[in-house]
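Novice: A single structure is presented below for examination.
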Amino acid sequence: MFVIFLAAIVASSSSLNIDPECYMTVPEIIQHYGYPSEVHIVRTDDDYILELHRIPYGKHDEVTPNRPVVFLQHGVFSDSFAWAANLANESAESKFTLANKNSAFVFADAGLDVWMANSRGTPSSQKHIGYGPDEPRFWNFTWQDMSTFGLSASIDYVLEKTKQDSLYFVGHSQGTVLLFAKLAEDPNFATKIRQFHALAPVATVSHIGGLFRIFGYRLIDLAKFLLARIPNTPLVFPKFIQKIISFFCSLPIAQGVCTLDIGFIDGTEKMFNTTRVGTYLCHMPAATSSKNILHWVQVVKSRKLNKFDYGPEGNMREYGTKDPPHYDLRKIRTPTYLYWSRDDILADMDDIREAILEKMNGTIRGSYELPHYSHLDFVYSLNATNDIYYPIVLDIRKDLDSRRMLASNRVQK
């Protein structure tokens, strides 16, 4: 009865004070705030159709060619909404101190050409040349495939479209592991990445906390059991249920409860706009595959960043070895900047030290600890503009100035 009651309320939501962004796509949200918005379609080598969202220039800018490109890659159970989740009231270029601003708008107003990924399985990227999301084989993928096929196709498309030879990469959570894996497997890909800005970076999850630490080792046996019987299963929240949860969490009396629930999963949330929790939950969690989550559970148990483990026989068929291949981060040579927090129980500081800092020491250009940030705060925090995005803009500008100086010196010689 309670669900029916809530459903009736949601059905009549036009008379309630529900954020209109709940019913908008990300391109519509971008346009809603007065920014130019584009949608681009990319086909991967394994025939998935992905949607990229673009903000080609800032709110008060004129169209100018050859803008530096920044590519934003979301994490698991997320999509491009992660970069457009908060408000955009003023130009970031004129007032960086405004707290509640979307990262995508910060970068656009700073003179960058902004591209946002939508990984396979997310609402904007549920297409394939041969079959659709209603078929189990569509969901036969993990972050490994997103890295090998999706990331490559998307970045190649962006560079071709913008006529640039390289770009700046900003990733959050799973979005960081996509580039870690790609650079480790294909060192030549580094020529396309000028800087790698890793927010809540993940390479192993040996010290993971919260619900995942409690259930991780039990989940792997359960997940294998379920996958053997219902393989390639989508993990999708029905929009109807999502809207009910969103409405409930939009109520002032419920915002504290919803915030506490999120914090129990990824760390105590202290930084985001609690009045927008309902809006966040209209768009997240975004869909992914059960196989993708199983891959993460394997990473938890193995304490290694390996490719998907099909078992000895399956691995021999897939990789030619009994054990799944390992991603060696020591091969990475891309200038990398890490943003992390002791309060993030998913991207734990011990994992960052052991799996990233100790293996990539020669390529780490900056390692910044942000007090009180939980895992989702890196994209949803009210303070992220000043703590993360503006520093990223400064690092990008330093690199651009350095490149201009080198080019000028070459001309003079």
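Placed from the backbone N, Cα and C atoms, the Cβ positions cover glycine too.
Below are the features listed in TrEMBL for this protein:
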- 1-15: signal peptide (SIGNAL)
- 26-86: domain 'Partial AB-hydrolase lipase' (DOMAIN)
- SER173: active site, nucleophile (ACT_SITE)
- ASP344: active site, charge relay system (ACT_SITE)
- HIS375: active site, charge relay system (ACT_SITE)
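How buried are the listed features, and what sits near them?
Specialist: For the domain 'Partial AB-hydrolase lipase' (26-86), the predicted model reports an average pLDDT of 95.
Long-range Cβ contacts of SER173 (active site, nucleophile) within its own chain (separation 6+, distance under 8 Å): GLY75, VAL76, SER78, LEU199, ALA200, VAL202, LEU346, ALA347, HIS375, PHE378.
Within 10 Å of the Cβ of ASP344 (active site, charge relay system) there are 28 other Cβ atoms, across all protein chains. ASP344 (active site, charge relay system) falls within neither a helix nor a strand when secondary structure is assigned with DSSP, and so counts as coil.
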Novice: In the three-state scheme derived from DSSP, which category covers HIS375 (active site, charge relay system)?
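Specialist: For HIS375 (active site, charge relay system) - judged by DSSP and reduced to three states - the answer is coil.
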Novice: Sort the residues of the domain 'Partial AB-hydrolase lipase' (26-86) into helix, strand and coil with DSSP and give the three counts.
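Specialist: Going by DSSP assignments, the domain 'Partial AB-hydrolase lipase' (26-86) contains 12 helix, 19 strand, 30 coil.
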Novice: Test of understanding: give the count of other CB atoms lying within 10 angstroms of the CB of HIS375 (active site, charge relay system).
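Specialist: Taking every protein chain into account, the count is 26.
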